[in-house]
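Per TrEMBL, the feature domain 'Ammonium transporter AmtB-like' maps to 36-438. The annotation transmembrane segment is assigned in TrEMBL to 34-55, 67-86, 125-143, 155-174, 194-211, 223-241, 253-273, 285-303, 309-326, 338-365, 385-408.
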Amino acid sequence: MTLPPVVAMPPAPLPSLASLSARDLDPLPLDLPANAFVIVCSALVLIMIPGLGYFYSGLSHHKNALVFLHLCMLSLAIVSVQWFMWGFSLAFSPNGGPFIGNGYYLGLKNIGGTTYPGTVISTDVFVMFQAMFAALTAALPFGSAADRTRILPSMLFILIWTTLVYDFVAYWVWAPNGWLRARGYLDFAGGCPVEVVSGFAGLAFAMYMGPRRTRLADEKPHNLSFMVLGTSLLWFGWLGFNGGSAFNSSARAGMAVLVTNLAASTAGLVWMFWDYIYHGHKYSCVGFCLGAVAGLVAITPAAGFVEPWAGVIVGIVSATLCRTVAEFNKKRGLLDDTLDVFAVHGLGGVIGNLLVGVFATSSIIELDTTGVDGGWLNKNWKQLGVQAYATAVCGAWSFTMTYLIFWIMDRIPGLHFRVKERHEREGLDHAQMGEYAYNYHRTVEADERNGNGPTGGVPLSDIALDAIDKRASGASLDTAEIDVVPPKPVSPHHLRGLCSGNTQSTIIVEEDDGRRRKTASARKVGSGSAV
């Protein structure tokens with residue numbers, strides 16, 4: 001039996017928040033399928049937050065592996081409460097002024113039984129979706145310097161920064177009366193509110209905190225499996241991040257998901273290609289993952305405005321430029337941005353915003369709304385200038401306010417950001433949390449205190465473990481620092497676990513904050529046995 005062809009009826013226009021005009025702000029009837037779609041997308045964005053933690057953790061030193069995960073989850077909790085109390089009202093009040101919202105939604109009042117203006121989803125679902133955006137954004141800057149930052153002031157920073165930076169920029173760009181939105185700025189899913197502000201906040205973070213005291217020892221990622229897991233969760237969640245920003249399950253949402261995947265795939269391959277050319281003809285997993293994230297960042301403002309071929313170009317351009325800036329910074333040592341937050345998120349967001357002005361096209365916009373001009377492809381030549389202006393304003397606001405928040409908080413007793421040098425060398429997992437990401441740290445320390453380990457009761461610090469790793473890799477100079485609590489004699493045979501092979505060992509005793517510290521140094525001396 002031959003079935004008759006199925007003819008798809010075009011849906012009624014359902015305007016997305018990124019492309020609304022003032023006449024679209026009257027309440028619309030609730031669309032249950034759209035509501036369900038955005039609920040699912042909210043869960044996808046939430047999974048990006050631990051994904052970011054795993055991404056940062058894998059790229060960091062093992063002694064700071066847990067602190068990145070912890071800060072990301074703290075951001076989720078703190079911002080969720082802030083969003084309930086005043087954050088959502090500041091960022092999305094429908095009747096605020098051009099600069100910031102009012103108290104209309106304070107304590108999440110006035111949200112029951114209504115759709116958010118200009119959308120077909122209920123306000124409570126809109127609150128949840130946008131809360132996940134805010135929580136993710138607040139966690140992003142910590143990749144610049146969290147490995148040298150105290151947790152208590154970091155928690156307060158999340159609260160203040162979300163209020164003074166994210167909420168303001170989100171209102172300018174997305175709220176019904178926001179002034180950048182009124183100027184015609186196009187941002188589908190967070191080029192300015194998420195990527196540009198987090199990237200420039202990361203720049204201010206790294207500049208204010210200064211370089212790591214253990215930068216050379218801490219450069220190498222400790223767990224690339226974590227990095228791949230984090231990239232996978234980010235990639236997975238980003239489909240809901242961009243697709244859900246259509247606020248309906250229309251063809252435009254499907255296009256946003258499609259170009260998001262294309263941009264990430266292209267950027268990952270391009271970054272890996274450049275690493276292959278310039279780094280010894282090796283197919284770098286780190287390069288692929290960094291490139292994929294750069295592509296995801298750059299396509300974020302453009303996802304609901306561009307065709308698939310433009311998504312590929314966005315991936316190529318973002319991977320090439322972001323990698324160039326990251327490599328230039330590392331070679332010149334200009335800024336100790338630990339995990340390249342500015343190069344990937346800041347610059348990636350700038351690239352995406354500008355390319356919207358070039359590649360935005362009415363053929364994609366009109367999949368679910370009308371009355372919005374595209375970019376250069378539609379001969380709207382001024383759009384690139386609008387995009388550049390908005391990007392510059394948001395970047396400057398984020399950098400200035402972030403640096404000012406650090407400067408003020410750092411002068412309040414008990415809220416200084418930088419950890420002590422010995423804590424930085426020890427690692428923030430133990431110094432700030434009293435925990436470790438891996439059990440073998442605790443096992444070694446317990447064995448040493450019981451007198452069962454190779455140092456005869458002297459606990460090995462993380463630096464000692466680093467020395468073992470370096471010696472195993474054939475490094476010419478090994479240095480390990482061993483804390484002695486309580487002080488006890490140490491003889492050279494206790495150090496043979498560190499100083500095997502053709503090495504010479506010495507022991508130095510010095511005072512450090514009232515505790516005796518023994519430092520074991522091992523160096524190559526040619527043929528012969530260890531001393």
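Quick reminder: no glycine exception, Cβ is built from N, Cα and C everywhere.
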> Looking at the stretches 67-86, 338-365, 385-408, which one shares the most CB pairs under 8 Å with the transmembrane segment (34-55)?
Replying inline: 67-86
> In the same chain, which residue numbers or ranges, 6 or more beyond the ends of the transmembrane segment (285-303), come under 8 angstroms Cβ to Cβ?
Replying inline: 55, 59, 186-192, 194-195, 221, 224, 227-228, 230-231, 234-235, 238, 241-243, 245, 255-257, 259-260, 263-272, 274-275, 279, 310-311, 314-315, 317-319, 322-323, 326, 340, 344-345, 348-349, 351-353, 355-356, 359-360
> For the transmembrane segment (309-326), which recorded stretch in the set 253-273, 338-365, 385-408 gives the largest number of Cβ pairs separated by under 8 Å?
Replying inline: 253-273
> Of the listed stretches (67-86, 155-174, 223-241, 253-273, 338-365), which one yields the highest count of Cβ-Cβ distances below 8 Å with the transmembrane segment (385-408)?
Replying inline: 155-174
> Most CB pairs under 8 Å with the transmembrane segment (194-211): which of 223-241, 253-273, 338-365?
Replying inline: 338-365
>> Suppose I define contact as three or more CB-CB distances under 8 A, residues 6 or more apart in sequence; do the transmembrane segment (338-365) and the transmembrane segment (125-143) meet it?
In response: yes
> Residues of the same chain, at least six outside the transmembrane segment (155-174), with any C-beta under 8 angstroms of its C-beta?
Replying inline: 17-18, 74-75, 78-79, 82, 86-87, 90-93, 96, 99-101, 130, 133-134, 137-139, 141, 180-181, 185, 187, 192-193, 197, 201, 390, 394, 397-398, 401-402, 405-406, 409, 415, 417
>> Please compute the mean pLDDT of the model over the domain 'Ammonium transporter AmtB-like' (36-438).
In response: 94
